[in-house]
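Read through the structure below, which is laid out as structure tokens, and then see the notes.
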């Protein structure tokens, strides 16, 4: 009984984790059809913001929910202004340039803070079920992810911003001809994606710690989730995270986290053989 | 109009022959050990650059994780050589293993008809996960036959290739082997592109839909060229294993980034460009390392700046730029300037 409960909780945590760290990437991919290779570094910057602010006495939740998204969103704005906006319409060049940006960010953070691991303690204590225990903080992350997804859905479904976003995703030329400013939409998308990544990076920093190159360790999971999910931002991320997070959670329990990642990749490769445009190309097509 | 005697393509060919002759005949007799050791590594990386230049520049297949096959080749060589003892067989088998691995991944990617973005991401993720997987194999339970995988430390006991009497080759011999392998790989790629197969591959790059409508099974051609490039990357891995030893760094994101930078800087759609850029940038970073200029010369920072600037400012790369500059200088030299004919661009294309 304990065993089943813990496996279920562990799976929920691993699914929520995937949703959380992939959300920013999914927003940018869904709107711009570009994979942002600097995604891992946006997560890393969010983590650094949280760690440094907390070490200077800022409450953890303030640095996670306010400082990190704002700061990383600003970094996203700068990157968009200096690099990305010159390359619109050239998908591959955009990806290559974002790879360059990722290396630059790793380099700058290494120069500023050194190549060492730092971290903050995980708050909230832990919940024990029989012989097992799970951190309350991880359950808190599940709740935050849930709120984030619901908020995202409501924004996309009912707000004007969401309407413009859906129109652009469906047919960008038609949206443009109806008076939607494409450049403004792309800029807002990139900044939103960066801010979401900053938030996620800050939230997982207490669990994972931070080091300049930590982005690479999230990258594989995020990329797999987003391309398996396909173009629909919310439905795609949720369905891919559900599937892959389930596989990953069970494999982590049965074997090791690294083998779970290998299984994730194998699952995604087979999935893409069957559904080359991701899950949402065939199912949930009318979703966001 | 007759093709002029001196063209940029011919000048480039002469320069390449001179460079190859210098590397093969003058460097080994010079006895400069540092040059010989780093030259071997440069050539191994040069072959790796060539493999990406082939599939990306000519096949239009964007593989961000070509290092996966580089590492697989190296590891397969080390493991096989430790187990079967005969290093020549191990080297040949390792190249086949890398090519087979590329074919297996290629099957899923090309038969799934994945787009560019997906293809790049899947290949990159493959190399990232191999890196993480090999990194955690430090325990004694992780061994294949007699070969411990060694986790983060790699396999320092990677055997060196043997000569006919079974003695390990000297570094000078390895150097000559690497240079010859690079020259042969280059010639192989050039010949491949001149065949029917190569022409179809270039046709797919230009317009996949049109090639398909003309009756070519594009998946098969893509799989073919991808496997060949995988084998080349595997060869590079085997040579690298002989110059240094195999370690998870062969799969690392740093290696993938470097490779990408070489191809972009050298010029997409050329074979010599990426090899040239590989040599120049490796020498440049070695030189930066000797400067001792403090923290600001972080290698990631420098590489990122180079990559971003080239994509933004000079997306064509150095070699095409040099070529057109050279053509313009030659045209100015041959006054009165001949009127450009439609055929001229084609000649330039072929001389690649």
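For all residues, glycine too, the Cβ spot is worked out from N, Cα and C.
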With the ranges A:35-59, A:60-84 to choose from, which does TrEMBL describe as transmembrane segment?
A:60-84
Stretch carrying transmembrane segment according to TrEMBL (options A:6-29, A:174-197):
A:6-29
Take a look at A:60-84, A:96-114, A:134-156, A:222-244 and tell me which one has the most Cβ pairs under 8 Å to the transmembrane segment (A:6-29).
A:222-244
Of A:60-84, A:222-244, A:250-275, whichever stretch has the most CB pairs under 8 A to the transmembrane segment (A:134-156):
A:222-244
I need to check the long-range neighbours of the transmembrane segment (A:96-114): which residues 6 or more away from its ends have a CB within less than 8 Å of a CB in the stretch?
34-41, 44-45, 48, 75, 79, 83-84, 87, 212-213, 215
Quickly jot the same-chain residues contacting the transmembrane segment (A:222-244) by Cβ under 8 Å, restricted to those at least six beyond its ends, or write none.
15-16, 18-19, 21-23, 25-27, 29-31, 33, 35, 39-40, 149, 152-153, 156, 169, 264-265, 267-268, 271-272, 275, 277-281, 283-285, 287-288
For the transmembrane segment (A:250-275), could you work out the same-chain residues 6 or more beyond its ends whose Cβ comes under 8 Å from its Cβ atoms?
7, 10-11, 14, 220-221, 224, 227-228, 230, 243-244, 281-282
